[in-house]
Amino acid sequence: MGFSWTLFLTLLAACGIMMLLEWRGVPTTLSLTFKGDIKRESRWLAQYGQAVCTVVAAVLVWQLDHANRHRAVPVLVATFGATLVATVIKKSFSRVRPGRENAGKFLGPSLKHGNYKESFPSSHSACAVALSATLAVMYPPAAITLWALALGCAVLRYLLDAHWPSDVLGGIALGYGCAHLALFVFGA
């Protein structure tokens, strides 16, 4: 599936609408507690698309798709590019995470690290979608599984109260854009 402006703009619009609702005080957090196996499994899924997973995916592409080893490059560029862009945005806006003092507020630019104020956009969601969108274009038969992993990761970021819904939607849009930009640049 190629890049869809409709999907991309819909995600950005949904992000904006959710941000407006959150700003107006509409309740959007859940405060759920996971225990036992559910907690352990959800932690694994919430890391999909992060550094180790991305490198393993690129190595598998390199090892298993001999005719298209070059495809490992856009996998790495899309995902690590999403991380870089998400970090720049996080540092530019410094949005406070749910359940923290000043939750939801944008504190403005800051180079100082502070996990509590690095909510927007969700880099986990961005990276998960960047990885899945890139691989789904390259390997269409696996698309449903790949998208399920990415969206599962993104939903968990919300369910675990790590992000506001708008953070997750913004991350999804960012990851989708990074994936298709990398695919375009590298002609994959």
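Each Cβ is built from the backbone N, Cα and C atoms, and glycine gets one as well.
Remember, TrEMBL labels are computer predictions, not curated facts.
Among residues of the same chain six or more beyond the transmembrane segment (6-23), those with a C-beta under 8 A of the stretch's C-beta atoms are 104, 121, 164-166, 169-170, 172-173, 176-177. Among the features that TrEMBL reports, transmembrane segment is placed at 6-23 (among others).
The annotation transmembrane segment is assigned in TrEMBL to 44-64 (among others).
Summarising the annotation, TrEMBL assigns transmembrane segment to 70-89 (among others). Within the chain carrying the transmembrane segment (70-89), a Cβ under 8 angstroms from the stretch's Cβ atoms is held by residues 49, 51, 54-55, 57-59, 61-62, 120-123, 126-127, 129-131, 133-135, 138, 171, 174-175, 178-179, 181-183, 185-186, 188, all 6 or more beyond its ends.
Taken from TrEMBL, the feature domain 'Phosphatidic acid phosphatase type 2/haloperoxidase' covers 72-183. The average pLDDT computed over the domain 'Phosphatidic acid phosphatase type 2/haloperoxidase' (72-183) stands at 94.
Among the features that TrEMBL reports, transmembrane segment is placed at 126-148 (among others). Proximity of distant same-chain residues to the transmembrane segment (126-148), defined by a Cβ-Cβ separation under 8 Å and at least 6 residues beyond the stretch ends, is recorded for 1-2, 48-50, 53-54, 57, 61, 68, 71, 74-75, 78-79, 81-83, 85-86, 154, 171-172, 174-176, 178-180, 182-183, 188.
Sequence-distant neighbours of the transmembrane segment (168-186) (same chain, 6+ residues past either end, Cβ-Cβ under 8 Å): 2-3, 7-8, 11-12, 14-15, 18, 49, 70, 73-74, 77-79, 81-82, 85-86, 89, 120-134, 137, 150-151, 154-155, 157-158. The transmembrane segment annotation in TrEMBL covers 168-186 (among others).
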### Message
I'd like the per-state residue tally for the domain 'Phosphatidic acid phosphatase type 2/haloperoxidase' (72-183) from DSSP, helix first, then strand, then coil.
### Response
80 helix, 2 strand, 30 coil
